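Swiss-Prot lists 258-268 with the feature compositional bias 'Basic residues'. Annotation comment: Swiss-Prot describes Lys220 as SUMO2 cross-link. The SUMO1 cross-link feature in Swiss-Prot is assigned to Lys220; the stated evidence is similarity to another entry. Per Swiss-Prot, N-acetylglycine is recorded for Gly2, and the stated evidence type is similarity to another entry. According to Swiss-Prot, the feature N6-acetyllysine maps to Lys5, Lys48, Lys220. Marked as phosphoserine by Swiss-Prot: Ser185, Ser272. Sequence annotations record features per position, and here Swiss-Prot assigns phosphothreonine to Thr232 based on similarity to another entry. Marked as region 'Disordered' by Swiss-Prot: 253-297.
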Amino acid sequence: MGFVKVVKNKAYFKRYQVRFRRRREGKTDYYARKRLVIQDKNKYNTPKYRMIVRVTNRDIICQIAYARIEGDMIVCAAYAHELPKYGVKVGLTNYAAAYCTGLLLARRLLNRFGMDKIYEGQVEVNGGEYNVESIDGQPGAFTCYLDAGLARTTTGNKVFGALKGAVDGGLSIPHSTKRFPGYDSESKEFNAEVHRKHIMGQNVADYMRYLMEEDEDAYKKQFSQYIKNNVTPDMMEEMYKKAHAAIRENPVYEKKPKREVKKKRWNRPKMSLAQKKDRVAQKKASFLRAQERAAES
């Protein structure tokens, strides 16, 4: 069949149906969302949980959510901008920070449901394959599915760093090692040590050392915040180890104190009857004084 030009006549415009708003804005992949949201019909009121990961220019957002007609309900959330509290003050959007954010989300969620002592996850980080399995006689492992949004799911993407952090934190998320750093597509083999290096920020540390030797100015420009916070390449692994331990120790979100806002009034308030009478009396007195002065002169 040859090329057929779309005739945009009256019938075309009369029958035209716009796409969903979030599709028009390029924010939601509804093909993927349909498959992530629709639950098995024999599970009735059981929600299907998603682990949502979004990477922005300055932050990494991780959420556990489920869909309702009114909109998505957020069960738990963790953000990379919370990491300075746990000792990671720089590089809040790299792979290591994504892992920490995923770990924080998992520990926070399990703590909220009282399952943090039952499902400890992978305490010793080795970068290898790990899957959470339900324990007999205990509540089942919390299962959810990765929602990567419109991110390109290539090998080594930060989205999978957050996934690995959540799995090591004790959540059951179906996954394979094919998208983790260290997987070789040609030999079909996964090198866990390479993955561990990324989790511990050693790829960043190696680049820091390289720039130090090759181009001092580029190093100062690229890693200005690291220099400001006295973070050296040799300190990186220890910094992330301490952060992982601190997250496991206290993952609870601390609410910020509510800021008291003093209301300002820009227009004049209405005068009461007593104030109006007093104002009239003052004007009368002022007028009489002016009359007296005029008579005297």
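Counting begins at 1 with the first residue displayed.
Every residue gets a Cβ built from N, Cα and C, even glycine.
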Same-chain residues near the region 'Disordered' (253-297), Cβ under 8 Å, at least 6 residues beyond its ends:
82, 108
Number of other Cβ atoms within 10 Å of the Cβ of Lys48 (N6-acetyllysine) across all protein chains:
16
When DSSP states are grouped into helix, strand and coil, how many residues of the region 'Disordered' (253-297) land in each?
24 helix, 0 strand, 21 coil
Between the recorded positions Lys5, Lys220, where is the Cβ count within 10 Å the lowest?
Lys5
Would you mind listing, in sequence order, the residues at least six apart from Ser272 (phosphoserine) in the same chain with a Cβ closer than 8 Å to its Cβ?
none
Mapped DSSP class for Lys220 (SUMO2 cross-link), helix or strand or coil:
helix
Compare the Cα of Lys220 (SUMO2 cross-link) against each of the modified residues Gly2, Lys5, Ser185, Thr232 and report the nearest.
Thr232
I'm trying to understand the geometry here, so how far is the Cα atom of Lys48 (N6-acetyllysine) from the Cα atom of the residue listed as 'phosphothreonine', in Å to the nearest whole number?
43
Which has the fewest other Cβ atoms within 10 Å: Ser185, Thr232, the modified residues listed?
Ser185
Identify, in sequence order, the residues in the chain of Gly2 (N-acetylglycine) that are 6 or more apart from it along the sequence and have a CB within less than 8 Å of its CB; answer 'none' if there are none.
none
Whole-number answer please: how many Å between the C-alpha atoms of Ser185 (phosphoserine) and the residue listed as 'phosphothreonine'?
33
According to DSSP, does Lys5 (N6-acetyllysine) sit in a helix, a strand, or coil?
coil
Expressed to the nearest Å, what is the distance separating the residue listed as 'phosphothreonine' and Lys5 (N6-acetyllysine) at their Cα atoms?
62
